[in-house]
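> After the structure tokens below, expect a handful of questions from me.
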Amino acid sequence: MLNSVKKLLGDSQKRKLKKYEQLVQEINNLEEKLSDLSDEELRHKTITFKDMLRDGKTVDDIKVEAFAVVREAAKRVLGLRHYDVQLIGGLVLLEGNIAEMPTGEGKTLVSSLPTYVRALEGKGVHVITVNDYLAKRDKELIGQVHEFLGLKVGLNIPQIDPFEKKLAYEADITYGIGTEFGFDYLRDNMAASKNEQVQRPYHFAIIDEIDSVLIDEAKTPLIIAGKKSSSSDLHYLCAKVIKSFQDTLHYTYDAESKSASFTEDGIIKIEDLFDIDNLYDLEHQTLYHYMIQALRAHVAFQCDVDYIVHDEKILLVDIFTGRVMDGRSLSDGLHQALEAKEGLEITEENQTQASITIQNFFRMYPALSGMTGTAKTEEKEFNRVYNMEVIPIPTNRPIIREDKKDVVYVTADAKYKAVREDVLKHNKQGRPILIGTMSILQSETVARYLDEANITYQLLNAKSAEQEADLIATAGQKGQITIATNMAGRGTDILLGEGVHELGGLHVIGTERHESRRVDNQLKGRAGRQGDPGSSQFFLSLEDEMLKRFAQEEVEKLTKSLKTDETGLILTAKVHDFVNRTQLICEGSHFSMREYNLKLDDVINDQRNVIYKLRNNLLQEDTNMIEIIIPMIDHAVEAISKQYLVEGMLPEEWDFASLTASLNEILSVENMPSLSANNVHSPEDLQSVLKETLSLYKERVNELDSHTDLQQSLRYVALHFLDQNWVNHLDAMTHLKEGIGLRQYQQEDPTRLYQKEALDIFLYTYGNFEKEMCRYVARHLGVPENVQ
């Protein structure tokens, strides 16, 4: 078996393989000895390992025996014994890499090994799944093994209260969905006190279906939003105006990146319709924002693909699963733009209060690893962004699934008719069939074609992951036909029913190539698990979404030279190369987009870290607020100095009256020294003139040090001002990101410009926070005796 691993891993990973071979042999050598131990003696191994780690041993020192202990515990508790290949998978995870294991190879059992070892360090281990159902299932199953060995296991799901969350995070091993861990991080950094925070510092995480979490979901940031009012009339008006706009004349839409922008003619049309001179003027920023969101809603979002309308409401659809995302809405006025587009009542707009991308959240873990059936095609991204290798793990039994060559048709209608014929053929044999689609709309299209032939099927649009899992689990029964979005029910194996093995197993039909080979492979991998028979075939057309978005012109050229049969099937061989090439272009485009967005988010991530570090410092009861405020006084004076003592202007031109008024706001002194062109010729002169005033004022502020009640008051006020400024900052950053793409047309590097302008905005935000704190202290102190 291990020789087959060598071939699979290739030359570059042979050294690792030798190490795995040796370690697996060492683990196997301990099996007989451990099987002789009583349950109590086996359980006591956990205490022994913890003592060894406390005495200076490392995880590497104990991993062989610890893996053997988990294997023995799983045999006793679950009746399951880890295969050698599963031990290899566990070793890969322990090293912080990705174990690529096909469907049905027991990834859940594999995770029991590294989670146990890293949990022994006492710092907590997080096991990330793609939905609540799988988190509960895996916690209940694998949790039995860890609890048998004396560890505490917790579950972190959205429905539980903060007290339960705190308990879940205090457990040795915590199961949950990645987004909930991320939202808890954001909520902790909005907490009014330390007692409200639930998480502890991150240590080690294992992500199941890691490609889904870190790549597919990486496009969507985690956002906590509050409500703010918006103009319904303006939303409706902008939606109406946009309907009269023509593609390429008034706007451009890049289907590849799903980004839209106005052309010069479009800008002129808006200015004429609203009777304004310059849409880009600051006073028209709101109008521009409403118009660009109306344009995005009109061209980038399709009903029954990206969202559905139900009970007079816009419900967003998860593009990866086809499920409705209850309670989720788009931020920054885009949701309201969709409501206006569909003629629905406009709801309150969301204002971002805290946000983080999936990438930057998981990069906070010192150690990260993951499992999936399909990751090798994205290895470059995993390596570059997360510094993880993808290591394929061999199957316990050979894969005998037959993956048939794609068939490509000229039209979508011809394709769906061919799908129907293929369904009839395999259904007559009694074989179960799984038809994978890309969206709810496509699922319904396939269903309509099957209805025309009176074919009975199960349309999988389940409202909960649990129902999905039940339906997917029965998709392997004799004669069963299931239509599902390709990611639906992921994590649940399709077991073959009685007699199906002899008929040839599950037949999988793909109705369109995805924008990633990885997702195609996931669909194929539904069949042929654990050495079962099975087959797969993709039915494509030149009208498919991927080809329309990434190769429309090439399709038009290609069509002229194609040979087809009477059904519309393309017989020209080069069409397959064309499809494969387009898919690679698509993958590269998405990777570039994620990389670009990550570069932009890295900027705000650095800013977020500064704000959250200060915020957590403010939450500490022993933080001396006066020590924080004293430096702010100097910073605020310096900022005001820069504002009014403008470089390049003569001192006689400086506005000393406004300068004095601003200083009085933050210093609260009765007699501010006289400031004019006579005694202030530079910012340094101002510092000299104010030296005694500042010194005496700081002494008065320092006297507040002993006032405990005031310290607490200052803490709450500082948190309030900081949060308020941060929310406004996020709003400003959103608008900056919106407009930065336009700079490409000015021959400027948008990333560099974004970094520069983001820094300016951040310095303004932080400076404003410091000035507000100084004003508050000045008002509290009141006016003292005269300072001459």
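First residue shown is number 1, and so on along the chain.
Glycine too: its Cβ is placed from the backbone N, Cα and C atoms.
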> Quick check on the annotation: Swiss-Prot has GLN86, GLY104, GLU105, GLY106, LYS107, THR108 binding ATP, so which of ASP493, ASP520, ASP544 does it put in that site too?
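It is ASP493, as the record lists it for that site.
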> Taking the Cβ of GLN86 (ATP binding site) as the reference point, list residues of the same chain whose Cβ is under 8 angstroms away and which are at least six residues distant in sequence.
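Set apart from GLN86 (ATP binding site) by at least 6 residues yet with Cβ under 8 Å, we have GLU105, GLY106, LEU109, VAL110, LEU113, ASN396.
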> Would you mind checking how many other C-beta atoms are within 10 angstroms of the C-beta on GLY106 (ATP binding site)?
18
> Need one number for the ATP-binding residues GLN86, GLY104, GLU105, GLY106, LYS107, THR108, ASP493: the maximum pairwise CA distance in Å, whole number please.
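Roughly 17 Å, rounded to the nearest whole number.
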> Quick check on the binding-site residues: of GLU105, ASP493, whose CB has the lowest count of neighbouring CB atoms inside 10 Å?
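With the binding-site residues GLU105, ASP493, fewest surrounding Cβ atoms within 10 Å: ASP493.
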> So how many other Cβ atoms are close to LYS107 (ATP binding site), meaning within 10 Å of its Cβ?
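Result for LYS107 (ATP binding site): 24 neighbouring Cβ atoms inside 10 Å.
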> Please list, in sequence order, the residues in the chain of GLY104 (ATP binding site) that are at least six apart in sequence and whose C-beta is under 8 Å away from its C-beta.
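In sequence order, ASP493, ARG529, GLN530, ASP532 meet the Cβ cut-off.
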> Determine, for the ATP site, the additional residues of the same chain whose CB lies within 8 Å of the mean position of the CB atoms of GLN86, GLY104, GLU105, GLY106, LYS107, THR108, ASP493; present them in sequence order.
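Here the nearby residues are MET101, THR103, LEU109, VAL110.
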